[in-house]
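Remarks on the structure that follows.
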Amino acid sequence: IPAAPVAAQARKLLRDLAFRPPLLAARSQVVQLTPRRWLNLQEYQSKKLMSDNGVKVQRFFVADTANEALEAAKRLNAKEIVLKAQILAGGRGKGVFSSGLKGGVHLTKDPEVVGQLAKQMIGYNLATKQTPKEGVKVNKVMVAEALDISRETYLAILMDRSCNGPVLVGSPQGGVDIEEVAASNPELIFKEQIDIIEGIKDSQAQRMAENLGFLGPLQNQAADQIKKLYNLFLKIDATQVEVNPFGETPEGQVVCFDAKINFDDNAEFRQKDIFAMDDKSENEPIENEAAKYDLKYIGLDGNIACFVNGAGLAMATCDIIFLNGGKPANFLDLGGGVKESQVYQAFKLLTADPKVEAILVNIFGGIVNCAIIANGITKACRELELKVPLVVRLEGTNVHEAQNILTNSGLPITSAVDLEDAAKKAVASVTKK
């Protein structure tokens, strides 16, 4: 199996596609909290989902005070305890708290130490390589039984469009970055395509368990866990269930030690209980505000605001701004069923950002009615007293009516004939300042 495709399937296939290479430089300086473009759950929530569906995980409790953490550690009555700060960002183990405590993951055999550490975690910000400099506030900790791992493997279930369905991806080398394994030892990556109608076959689960290196009774146990993980994957409308490590203990137990679950946002209507667990406290406030009006907002570090319909067009708009020497301040996707009120709210969000020095509207009207966009723009400009340059490029449904609305508005709106023209004018409007 070629290394690159496997690596992509293992970790990147279902990542948000909002950023192409030209945007990576800006992406590293995104002005937001923990980057999220899909529903993610905290570690303890994912483990509870797995446990409730028969998947073997370590025993744990969740605490939101130091006293609760201490009592949880006592109730576990374990030989060793692991205390984990619960935030959505990675790199917790090497993070630093605003309290001065180093590390968001700690091992101890003493319940009293758990209480002492929790005092320095809960209510304080934890900064990691994936958080803003100031870090993210920790509201909860997970107090879990620390199990010895005699062997670590990797297992993931992905919804792979190229295979028209779910795919099992596994490797006997777990506990490490799967991309590294795929690049250095591609022969250690194994893949099983699953017919979504027939479901996972016993033979597929057994073969994957064997490829992961489980032997004897452990092989049957691993195969059973794989099938339960697949059933969970379908039941909760996941797009990815990644277990790393998927390991075995010296006592002969197959355990899912850590898991990441991504969900299909389109399934929210039938997964209400799961989506109700979404922790929005780590989002940028403006992103939460945008979601109230069905707007998809991603903050970037530039000064040209982008107001676009459709993720693909938004990517192209950000790219062409870069190519013309500018930097996008955001990625704002209006979507399909547009109302004037949405346009107004979008402008309200954009103009509230002090970084924004110009706004570029780029709309291709298929389902979207350009006239509605134009009316929303003129209303927003008047009521919000727009003070930054506005460049508008419209194409598609009712575009001539829309252009007349803008032209006759008497507002200082710069029209553009195409995307290239729009980007050049937006960049030029900022450069003049």
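Every residue gets a Cβ built from N, Cα and C, even glycine.
Here's what Swiss-Prot has on this protein:
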BINDING   Q58, G91, R92, G93, L147  GTP binding site
BINDING   N244, D258  Mg(2+) binding site
BINDING   N309, G366, I367, V368  substrate binding site
DOMAIN    47-275  domain 'ATP-grasp'
MOD_RES   K74  N6-acetyllysine
MOD_RES   K133  N6-acetyllysine
MOD_RES   K140  N6-acetyllysine
MOD_RES   S162  phosphoserine
MOD_RES   K201  N6-acetyllysine
MOD_RES   K228  N6-acetyllysine
MOD_RES   K272  N6-acetyllysine
MOD_RES   K292  N6-acetyllysine
MOD_RES   K339  N6-succinyllysine
MOD_RES   K348  N6-acetyllysine
MOD_RES   K387  N6-acetyllysine
MOD_RES   K424  N6-acetyllysine
SITE      E80  site 'Important for substrate specificity'
SITE      D148  site 'Important for substrate specificity'
TRANSIT   1-38  transit peptide
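Taking the Cα of D258 (Mg(2+) binding site) as the reference point, the closest of the recorded positions R92, K228, N309 is R92. Distance noted between the C-alpha atoms of D148 (site 'Important for substrate specificity') and N244 (Mg(2+) binding site) is 15 Å. Cβ neighbours of G91 (GTP binding site) (same chain, under 8 Å, six or more residues apart in sequence): T128, K129, Q130.
When the binding-site residues Q58, N244, N309, I367 are compared by Cα distance to K387 (N6-acetyllysine), the shortest distance belongs to N309. Counting other Cβ atoms within 10 Å of each Cβ, the modified residues K228, K387 show the lowest value at K387. For G366 (substrate binding site), the spatially nearest entry among the recorded positions Q58, G93, K272 is K272, judged by CA separation. Nearest in space to the residue listed as 'phosphoserine', taking C-alpha to C-alpha distance over the binding-site residues Q58, R92, L147, N244, V368, is N244. Long-range Cβ neighbours of E80 (site 'Important for substrate specificity') (same chain, at least 6 residues apart, Cβ-Cβ under 8 Å): L107, T108, K109, E145, A146. The binding-site residues under consideration are Q58, N244. Their Cβ neighbour counts within 10 Å are lowest for Q58. Counting only same-chain residues at least 6 apart in sequence, those with a Cβ under 8 Å from the Cβ of R92 (GTP binding site) are K84, A85, G103, G104, V105, L126, T128.
S162 (phosphoserine) falls within a helix when secondary structure is assigned with DSSP. Inclusion criterion for the binding-site residues Q58, G93, L147, N309, V368: a C-alpha placed within 10 angstroms of the C-alpha of K74 (N6-acetyllysine); this criterion is met by none of them.
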